[in-house]
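Colleague: I am attaching a structure below and will ask some questions about it afterwards.
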Amino acid sequence: MFSTSDQVSKMNSRILSALLILGIATCVIAGGFCPKSRHPQCNLSYKINDCCAQSDCRVGSVCCVEGCGNVCRAESDTPLGEKFVDGSECKHGHVFPKKWYQFWWRV
């Protein structure tokens, strides 16, 4: 037969396990926000995309849209910047604007 202290101990273990799982799930589900952009406007004639998906960034960082391209930034608690939407058109690296003749011919 189980004693009362064994039952209390098992119940406490189950409660702690449930709270731990809930805490981990909350951290995984909560996709952080982008902080305020450091450079909202860009003086370059091209963009530099360091990320084209949220999976391109390390854990604890998000892919954010900035003036000079997409960059991985540390997550913020408040939505101040623009988060990159996975599946949007994006090209890694230096991206130059199309030249006038490229609109008519696919170069």
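Yeah, the Cβs are placed from backbone N, Cα and C, and that goes for glycine too.
Quick paste from Swiss-Prot:
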- 1-30: signal peptide (SIGNAL)
- 31-76: domain 'WAP' (DOMAIN)
- Cys34-Cys64: disulfide bond (DISULFID)
- Cys42-Cys68: disulfide bond (DISULFID)
- Cys51-Cys63: disulfide bond (DISULFID)
- Cys52-Cys90: disulfide bond (DISULFID)
- Cys57-Cys72: disulfide bond (DISULFID)
Colleague: Which whole number is the mean pLDDT over the domain 'WAP' (31-76)?
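Modeller: That region's mean pLDDT is 93.
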Colleague: Measuring Cα to Cα, how many angstrom lie between Cys42 (disulfide bond) and Cys90 (disulfide bond)?
Modeller: 18
Colleague: Are any of Cys34, Cys52, Cys57, Cys72, Cys90 (the disulfide-bonded residues) within 10 Å of Cys63 (disulfide bond) when you go C-alpha to C-alpha, and if so which?
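Modeller: Those near Cys63 (disulfide bond) - Cα within 10 Å - are Cys34, Cys52, Cys57, Cys72, in sequence order.
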Colleague: Checking the contact step here: among the disulfide-bonded residues Cys57, Cys64, Cys72, which have a Cα within 10 Å of the Cα of Cys90 (disulfide bond)?
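Modeller: Close disulfide-bonded residues: none.
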Colleague: Neighbour count, 10 Å Cβ-Cβ cut-off, for Cys63 (disulfide bond): what number do you get?
Modeller: 23
Colleague: Among the disulfide-bonded residues Cys51, Cys64, Cys72, Cys90, which residue has the largest number of other Cβ atoms within 10 Å of its own Cβ?
Modeller: Cys64
Colleague: Can you tell me the CA-to-CA distance separating Cys72 (disulfide bond) and Cys64 (disulfide bond), as a whole number of Å?
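Modeller: If we compare the Cα positions of Cys72 (disulfide bond) and Cys64 (disulfide bond), the gap is 6 Å.
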Colleague: Treating G and I as helix alongside H, and B as strand alongside E, what does DSSP give for the domain 'WAP' (31-76) in helix, strand and coil?
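Modeller: Grouping H, G, I as helix and E, B as strand yields 3 helix, 17 strand, 26 coil.
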